[in-house]
Amino acid sequence: MTVTVDPALAADARRERRFFLSLSLPALFIVGLAAILPILWIIRQSFLTTGGEYTVGNYAKVLSSGLTWSALVTTLELSLGTLAICILLGTPLALALASARPRVANVLMAFVMLPLWTAILVRTYGWLVLLRRDGLINAALTGSGLTAEPLPLVYNFTGTLIGMVHYMLPLFLLPVYAAMRDIDPNLIRAAASMGATLGQVMRTVIMPLSAGGIFSGSVIVLIYSIGFFITPAVLGGGKVNPLSTRIERTLSTFQDWGSASVLGILLLVLMALIGVMLLAARRLLAQNTVDAPHA
Amino acid sequence: MSWLRISLAAFAISAALPVHAQTVTITTAGGDYGNAMKEAMWGPAAKELGYDVREETLSDGLAALKMQVTSGAVTTDVIHLGSPEGAQAAAQSLLEPLDYKIIDPKSVPEGAKSDYCYPFDSYGTVMSWNTKTYGENPPKTWAEFWDVAKFSGRRALRANAQDSIEIALLSDGVAPADVYSVLSTPEGLERAIKRLEAIKPNVAVWWTSGAQSAQLLKDGEADLVVTWNGRAQTVKADGGAADYTFKGSVIGTDCLGVPKGAPNKEAAMKLIAAMTQPARVAKLTDFIAYGPVNPAAYEGGLIPEDRLKTLATAPENAGTSVFSNSEWWVKNGEAAQQAFDEMMAR
């Protein structure tokens, strides 16, 4: 079926498109300047010796070092751990928020967003006060006799994970909450009226319809988590060393800009790989839910 | 005709100045430290020599030095650097060799000697402890710091090979004078790393900043903390349950160098010699707790008895401490740090 369009209208539409495009030019310019140029510079830097000659030595050095791979493993453990906890804690929370009355939901949402308005450094040091040996949590645990010895809650992997989840949870929650709030309550009522149990409603109605939100939340969590620096540096006690702290060490102790650039590119590649995998996963998911009736 | 008037005026002004006045420019870190150096050291020295000394202040001396020398526009005659930066600068040919005919070579102890950057004051990497945990009987040596059976408790060390590998060897019975000759062999470095690996299960925190180490000591998060003397002193002075010792400390120094191609090279050497006279570096401790490197500054009561306790280089601590060897670190630092990082990742 073809629709004939008035040429004058079409020209109008084209003009409009051009106008909107031109409005976005300053933003595009800034993105180009602030994101693409530095990346190109880092790529160039990764092929330079300290003397400024071209080399692939930096890549050989970084990729053959066991430290790089252990940092990579730590990075993945931290990001996937953060994501898993965010999904486990965030999804039920989003569900509760979405099903609460709007006034209550708004108040709860404000509490969820509160940490986002606090600087990350302040929050990280705040966790130190709570988690350290004579901190509030350990004082409560030992004081009440629940544990004989203070628990090792900070200056290790556990502490780092707690700090990262605290930062990421609100950012995960937002898209999931938005997706769940948009679910038509009539669908849930319909499912229930046809005899679906709560579990079935979750599985067949709520989860498929909020999958897009969970997916977006997961992408945000992973992209942020891969580059986390302050949290592992402060709460990890020197024992948790992802790629970001490896880059810092390479720069500040060795003044080796070339190798640090290689590590930075490794982070970029990791992000791209995760992006591709998530996109593939979403396509698969979409096929399963959309194509199912046709099959 | 205005150019004539200007040049006449310029001539009149220059004629009015004493022709023999030597101008020298010194670059310091500024702040309290820079002021202390001015009051105690180069101010009086300039007066004595009759020099007109100008001060420039910069926080990153090495970067500034590199810029001046590589661009060929050297404006400073004397520059204040940390000794590791001084050694780096020397390795990159940014400094003139020191003229030990003008500067007294005996004013520097053997272990601290440098051909390019004259060390004049010092700070120590020390052992500090929680007085609530150990009371009157804290560990007294690094060997005891490593003795986790006798001194149970949580340790905190710096997440850096620098100073840590020296301390590790001291704990293993290496004499302070032999630390760098042992470290210069592959087996020696391995020995230090093995020693650190042995204490690793008892290290609660590997700290990354001086402020963090002070916090750990103050909060009692760790019972035994390797930290810098200034930090330990601050915790102690603020009423924290902490004490520290200079015995076995690793001493770092700050130094004075002359940039390559400095406009007044000889005057610069003379100024360095004059401003580091024993009485002047002793006077520096009136303002800031950085002890003189020159042993003569500790003679004749130049420094009050009670202040000596707060200085890393006090004579009573000599013999147990190690001077951090900047040249060794410039040469071997990357390999040592690599071995340290691999130990941490195991």
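Every residue, even glycine, has its Cβ placed from backbone N, Cα and C.
Annotations in TrEMBL come from automatic prediction, not curation.
Annotated features in TrEMBL:
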type     : residues  : note
TRANSMEM : A:19-43   : transmembrane segment
DOMAIN   : A:72-278  : domain 'ABC transmembrane type-1'
TRANSMEM : A:78-100  : transmembrane segment
TRANSMEM : A:107-128 : transmembrane segment
TRANSMEM : A:153-179 : transmembrane segment
TRANSMEM : A:212-237 : transmembrane segment
TRANSMEM : A:257-280 : transmembrane segment
Proximity verdict for the transmembrane segment (A:107-128) and the transmembrane segment (A:212-237), three or more C-beta pairs under 8 Å: yes
Best-contacting stretch, by C-beta pairs under 8 Å, relative to the transmembrane segment (A:19-43) and drawn from A:78-100, A:212-237, A:257-280: A:257-280
Long-range neighbours of the transmembrane segment (A:78-100), counting only residues six or more past its ends (CB under 8 A): 108-109, 112, 157, 160-161, 164-165, 168-169, 172-173, 176-177, 180-181, 183, 206, 210, 213-214, 217-218, 221-222, 225-226, 228, 232, 240, 242
